[in-house]
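Colleague: These came from TrEMBL, pasted as-is:
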- HIS98: active site (ACT_SITE)
- CYS141: active site, nucleophile (ACT_SITE)
- 270-361: domain 'Legumain prodomain' (DOMAIN)
Amino acid sequence: HAYQILKTGGLKEENIVVFMYDDIAGNPENPRPGVIINHPKGGDVYAGVPKDYTGDDVNVNNFVAALLGDRSRLTGTGSGKVILSGPNDHVFVYYADHGGPGILGMPNGEFLYAKQLVQTLEKKYSGGAGYKSLVIYVESCEAGTIFDGLLPRDIAVYATTASNSTEFSYAAYCPDDDEPSEFHTCLGDLYSVAWMEDSETHNLRVESLKEQLERVRNRTGTHSHVMEYGDLDISAQKVHAFMGTNPANDNITVADLRVQPSAERELPRDTMARRAEEDRRFDLISSFLLGSEKGHALTAGRLAGQPLVDDWRCLETMVSSYEDHCGPLSTYGRKYLRVLASVCNAGIPEEVMAKAASQLCW
């Protein structure tokens, strides 16, 4: 859908790079084979979308390479398209995936760590050589941890997120809405639905990024707190500088939404059992390494403006240590990255964490 908005807005094909796992349109559970919708009465948003990077080519390395405009770093069989922006260009990035404290997910199970993303943006800026201004919209749970206390205000980046540092983002157009009866899943995410439908129903030559942010906030209501970070002066710029605009926008009626946390679904018993096991493991890790009372205080979240963790290399090491002994973190289990961040902030050595994980996951 984001691609369709940019294309209709007049952006040139060579300036749009699409990463998508591409497992929806042809999925046997899709009641409309070859079609993707994200609105109960919406049309097909899949038709015509370029498949620049799909499947295993959707990974951290290729995303960073494409953003930096560095074809030499690309791997796999993607199109090779990258963002070759310069000092007079405006860049728009939309990222949607599962997330957790300090990380954005990738379909292959990799994590894009907050520090890595911010360092990539700093490198892209390169004193103003890489772009004039860059706007990034992030849809994930606990997305505030990606930028809070990390994103500088002097690299011309304006970021908004679907959620703050401690909460879920929410799904939208869920079962029991006006959703077509053959679908048994949510069709979109609330923050994403809000900004996309706003872009389709307003004159983006007139609407500012700040005005869009406020409309998105009003649409999400109290479900999650849409946040903004970075160079807030950029929010005064008009949306069309980043997305283009379609002068023939129709005044589409915005449907009422039934929402639910994007991490919440009706789950089979075996999934519930796996989640209970992850809960048990991290409860024990927290108690063993941090102490029950201290652990609760440390994992409750840091003050606004503080990054999730002081040493991001430590966090990556702790995650690797846990996964080496206990297997990959599930989408559900990613919320416990906050526990591992607290272990780092408490100065606990990696070998102590490794020993604890080995005893829990023998």
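Even glycines carry a Cβ here, placed using N, Cα and C.
Bear in mind that TrEMBL entries carry predicted annotations, made automatically and left uncurated.
Help me see these features in their spatial surroundings.
Modeller: Mapped onto three states, the DSSP output places HIS98 (active site) in coil.
DSSP assigns CYS141 (active site, nucleophile) to coil in the three-state reduction, placing it in neither a helix nor a strand.
Summarising model confidence by region, the domain 'Legumain prodomain' (270-361) averages a pLDDT of 87.
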Colleague: Would you list the DSSP helix, strand and coil counts for the residues of the domain 'Legumain prodomain' (270-361)?
Modeller: 68 helix, 0 strand, 24 coil
Colleague: Within a 10 Å radius of its Cβ, which of these active-site residues (HIS98, CYS141) has the fewest neighbouring Cβ atoms?
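Modeller: Least crowded of the active-site residues HIS98, CYS141, by Cβ count within 10 Å, is HIS98.
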Colleague: C-alpha of HIS98 (active site) to C-alpha of CYS141 (active site, nucleophile): distance in Å?
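Modeller: Here the two Cα atoms are 7 Å apart.
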